[in-house]
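The structure appears below as structure tokens.
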Amino acid sequence: MAANKDYYDILGVSKDASDDEIKKAYRKLSKKYHPDINKAPDAEQKFKDVNEAYEVLGDSQKRAQYDQFGSADPNAGFGGGGFGGQGGFSDFGGGFEDIFGSFFGGGQRQSPNQPRQGEDLQYQMSLKFEEAIFGKKTTIKYSREALCKTCGGSGAKEGTSPVTCHKCNGTGTIQVTQNTPLGRMVRQQTCDVCNGTGKEIKEKCPTCGGTGHTSQQHEVKVSVPAGVEDGQQMRLQGQGEAGFNGGPYGDLYIIFQVQPSDMYERDGSEIYYNQTISFVQAALGDEIEVPTVHGKVKLKVPAGTQTGTNFRLKGKGAPRLRGNGTGDQHVKVKVTVPKKLNSGQKEALKQFAKASGEEPSGHGKSGFFDKFMN
């Protein structure tokens, strides 16, 4: 890696950019400047710069080292050594930890050319209310970084293979002598030729530019379990992005977004429904049909039922995702009063009121019967 390159500027992102923002910028620019697509004289060099920038900023350890020293050259952070400069010890950030870590305990760190699992991905899946209750089988499509089909992930041109790095002899790291406030010290850093892989690619694959990865459309069959709720997620192992140095694929997390129902409310495995009945049904009792997600069922309404009374329909709710059985449906009744009555209905109610000792007052329109008999 060349010194004094502004990798953030190359990718067109800010220094506080998230990992996702860096990845998106890399994908966009690598496609834009790919030599097979862009025939501009400087396209190949820009393509190399973009890949070089992502090799650093796309790796948290390499990015931290780059941010610490301000360039790809770790010596740049010391500004010529000594205690000079504007900040003294503060100029080094976490430098002492890195120095002593590599000098005394560097062997405990993970090797940079060790296989690493690929990135995890998220997929938002919209479900209808009933689909979340009963589950469904579907196929989803999404874009992911996969192993290059041309080189099989090696990054080398077809017919060639990566060779052991001539600079680090396959270790992925090199020893660098640095001038520090404590004198000259030797520290270990990622090899700038193979970028920590231990392998050197003499002729890069024209499809992926030596990264071993390309953006590909991917399909996967999904079985949505019955009883899922809004916001819950399901993990599909190995359906994320390709790994590094022979590492496994990452995972895919499907996040469910359940659409609300016009008829029902849901709380876990319990379903709630509002049912209207007439004041005659409430007074005399009746057997009515109530809709459920499982189909219509009969419900006996006892005589004298009041507005706000709740009934429970056993087993007519949603399946319990964790545990056995199914929840219930709760039916809350609302007694409705007609706004207009014909003469026969009015006379019948007057007789009912008289028999009940509730003769209408006849004064104004404040009485119960006056509200719907006039």
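The first residue you see is number 1, and the count goes up from there.
Backbone N, Cα and C define each Cβ position, glycine as well.
Keep in mind that this is a model prediction, so the values were computed, not measured.
Of the given residue ranges 11-38, 235-262, 347-374, Swiss-Prot assigns the label region 'Disordered' to 347-374. Given the ranges 98-118, 308-328, the record in Swiss-Prot names 308-328 as region 'Disordered'. Here the repeat 'CXXCXGXG motif' (191-198) has long-range neighbours at 1, 55-56, 59, 62, 72, 112-113, 162, 164-168, 170-174, 245, meaning same-chain residues at least 6 beyond its ends whose C-beta is under 8 angstroms from one of its own. A Cα-Cα distance of 16 Å separates C208 (Zn(2+) 1 binding site) from C194 (Zn(2+) 2 binding site). Comparing CA positions across the binding-site residues C148, C151, C205, the one lying closest to C194 (Zn(2+) 2 binding site) turns out to be C205. Here the region 'Disordered' (308-328) has long-range neighbours at 132-133, 225-229, 232, 266, 268-271, 290, 292-294, 297, 299, 301, 334, meaning same-chain residues at least 6 beyond its ends whose C-beta is under 8 angstroms from one of its own.
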